[in-house]
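Colleague: This is the structure I have questions about; it appears just below.
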Amino acid sequence: MTDYKATLNLPETAFPMKAGLPQREPETLKFWNDIGLYQKLRAIGGDRPKFVLHDGPPYANGSIHIGHAVNKILKDIIVRSKTLAGYDAPYVPGWDCHGLPIEHKVETTHGKNLPADKTRELCREYAAEQIEGQKADFIRLGVLGEWDNPYKTMAFANEANEIRALAEMVRQDFVFKGLKPVNWCFDCGSALAEAEVEYADKTSPTIDVGFPVADADKLAAAFGLAALDKPAQIVIWTTTPWTIPANQALNVHPEIDYALVDAGDRYLVLAEALVEPCLARYQREGKVVATAKGEALELINFRHPFYERLSPVYLADYVALDAGTGIVHSSPAYGEDDFYTCKRYGMSNDDILSPVQSNGVYVDSLPFFGGQFIWKANPNVVAKLEEVGSLLAHETINHSYMHCWRHKTPLIYRATAQWFVGMDKQPGQGASLRERALEAITQTEFIPGWGQARLHGMIAGRPDWCISRQRNWGVPIPFFLHKASGELHPRTVELMEEVAQRVEKEGIEAWFRLDAAELLGDEAAQYDKISDTLDVWFDSGTTHWHVLRGSHRIGHASGPVADLYLEGSDQHRGWFHSSLLTGCAIDNHAPYRQLLTHGFTVDESGRKMSKSLGNTVVPQTVIDTLGADILRLWVASTDYSGEIAVSQQILQRSADAYRRIRNTTRFLLSNLNGFDPAKDLLPPEEMLALDRWAVDRALLLQREIEEAYREYRFWNVYSKVHNFCVQELGGFYLDIIKDRQYTTGANSVARRSCQTALFHIAEALVRWIAPILAFTAEEVWKFLPGERVESVMLATWYDGLGELPADAALNREYWEQVMAVKAAVNKELENQRAAKAVGGNLQAEVTLYAEDALQASLARLGNELRFVLITSTATLAPLASAPADAVDSEVAGLKLKVVKSAHAKCGRCWHHREDVGQHAAHPELCGRCIENIEGSGEVRHYA
């Protein structure tokens, strides 16, 4: 038998079938670095419209986790897709460097008794080390950015510009000093921002405490009685016995009905609606003697249970009937509502009792409990109340309670002198900050849309922003306060600029080393230089000021506005929130146009990642085993708007999908062997109908893919590309063209038409996958024929795809019909193969019994119908002539019959044809193959 292999155009490419991503990806990283890819993109971006994705800075502490990987990959997909869409899309990664976790790490390693300047020095060194480790991991993910010059909140220039941002807010009168209860962590020794508070279950004691009446006559009159004939107590219920020593008032609701209850040895004042459950809790009998509205009790004095002072009744709308007694005990130093109510009744800051120190220990001078830690003092307070006859009930409750997000320990509200950004404080001109921020939210696009209501609710209900902290490692609040008046120096804004200039040269240490006389001269003796530092959320919240308009100047020409902020959904209360407030305070608008939030990673059962559960996925391990492109494909394939499921099984499914895309790409490349687009590319009018359809289908798909990228629907991009590879290419087009590609003349129109289509599709496909499969796309790019720029990222979306003319005889609808018919034939061929009636498809002959219109439609392909169906023979017949053994199909008006061919198999094309053996020189070949190797070659028109 003659070997005709040399007469075939067999596929050939050096593009490897096995990806070997863990080994090959570092080579691509080196290539990007060697050619200066990021710098080249900036160089060509000058005339392009700008798109700015501003990086929310991860904290410079610890290794990256799977959540970091999701976040950075999403950002990179956007930056790359915008670049391919013709934008100048710089990406400057950043790090959040100040704050307690780093300070805590340094103290753990070096001890807590370090001098403050040494602590700052070691914190700076530690943060720098952490940044280098995280940076290497982010680069390994394939994230394209300005890695040689990232922004760091601890960079001197950024520290200086943060001070300038604060100065601008001071100038606009948003900043004030106040005594207010703030979230306080004993372990941090500092106030916490709202974003640093999380809630967890806590078991707490609950106590019902009676406060003896001091104004008995007024209490009797309030209830319409002439006098009281026995002692009376107003009863409060609380879960914080430790606050009783700081009690200064009692709160009732003005509209609630209160009852005077005869409980035997005393009268009890309780909310009427709660009398029954309260008496049951006290294991007492009692009856209601009289009732009165809460407003009647206003300013009646009761006595503190164990201290010689009075607790007056104040009216407060926040009192509710959902638990307790309907009366709330008020410790203004340890409760926000309590604080504001007492202030409303004229209590001065000096009158507010604050016996709890920053470490959670009562001051030594507090009678009965001095020197005790408050949580440990709870039972002692309860015992004292029982001793004095004021304890009516003592139980425990499990409830949701605020905890420090770092230490996981319970917090308290604690009134301290702090610096605040006022939410409702009217600036010199214009709306309040709350009004500005709420208006800015309406001007911002949220993805997904529910984020708008969430952020709106947080801004609408939030208190003033406490921006001061009592720590060493942070950007200073460079204020001088007058020793006598406590007021800011009248030249504060000017002095802050002088400090900023020093910090720009020496870092924050310049402030802490500063002798006040250097700036104030003879005035220095009259002023205190404060040591407070800024909340780290102010650090990251002002990056739009000190990065976009400062250290990197990548904002739009109109100002430091980013097109997009993209972070996890927790950042509605974090970076999105603080950035909105600073942006609206400084520039009167949000620093972003779009906010995109993604969910958190969970395992395939929806459980949170936890080392104890053993369900964590380490990105570095995935990269080392499967490759970064698999991780990127998993991220892209997931709808990030909700929880993002990940596991080894899920990643393996992504690896399987990757292989399908890679194999399809390899098929395209292998069949472009010997193709030079400069001389072999055919114009559309010379291409076969099926090839024109394939290019048109790619064009329509590219439009959908571009739209999906614009709308950040990357899972749609993934599904469209994957389906195109599996169905339209793998399941239809690529199978059909194999015969023509392999058996027709190497330079025939039939083959060059096919290669032209494959070239166009490959040029488009490599760009479609480039934002997601960054490494693989770069690898593919090197194997594509023709002159091209050195990286796919230096290109833009492919513009060589041609559209089918509207009047094309074989239009889109026609090929949809053909695909349906082919699917029906394939189904019957599978049945026949399963029954062992035929072997391969080319051993089959198919007769299609079709109704007239369908028969006429398919007849337009003539003899080439068999090439579309990939059978040795395809015959059309009227539906009415279908024999009894013809099978129905899912195509209306079509029945099928498949039989095994009786003809010999061609040794070259493998078709079973009646003319095999009729040529003496080539007895193993069909006439078509003989024409292709010795004659002028067969002519194809359609497929």
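Placed from the backbone N, Cα and C atoms, the Cβ positions cover glycine too.
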Colleague: For the annotation motif ''HIGH' region' in Swiss-Prot, which listed range does it cover: 58-68, 399-409, 740-750?
Modeller: 58-68
Colleague: Examine the ranges 548-552, 608-612, 933-937 and name the one recorded by Swiss-Prot as motif ''KMSKS' region'.
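Modeller: Of 548-552, 608-612, 933-937, Swiss-Prot gives motif ''KMSKS' region' for 608-612.
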Colleague: Please report the number of other Cβ atoms within 10 Å of the Cβ of LYS611 (ATP binding site).
Modeller: 7
Colleague: Let's see if you can do this one: DSSP helix, strand and coil counts over the motif ''KMSKS' region' (608-612), in that order.
Modeller: 0 helix, 1 strand, 4 coil
Colleague: Counting only residues 6+ away from its ends, which parts of the chain sit with a Cβ under 8 Å from the motif ''HIGH' region' (58-68)?
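Modeller: Sequence-distant neighbours of the motif ''HIGH' region' (58-68): 95-97, 99, 101-102, 105, 127-128, 130-131, 133-134, 137-138, 152, 568, 600-601, 609, 616-620, 646.
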Colleague: Taking the Cα atoms as reference points, how far is CYS906 (Zn(2+) binding site) from GLU567 (L-isoleucyl-5'-AMP binding site) in Å?
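Modeller: That comes out at 61 Å between the alpha carbons.
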Colleague: So around the Zn(2+) site, CYS906, CYS909, CYS926, CYS929 aside, which residues have their CB within 8 A of the centroid of those CB atoms?
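Modeller: In sequence order, the nearby non-listed residues are THR743, GLY907, ARG908, TRP910, HIS911, ARG913, VAL916, LEU925, GLY927, ARG928, ILE930.
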Colleague: What does DSSP call CYS926 (Zn(2+) binding site) in the simple three-state scheme?
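Modeller: In three-state terms, CYS926 (Zn(2+) binding site) counts as coil.
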Colleague: May I ask you to report the DSSP-based helix, strand or coil state of GLU567 (L-isoleucyl-5'-AMP binding site)?
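Modeller: It is in a strand.
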Colleague: For GLU567 (L-isoleucyl-5'-AMP binding site) and CYS929 (Zn(2+) binding site), determine the Cα separation and express it in whole Å.
Modeller: 61
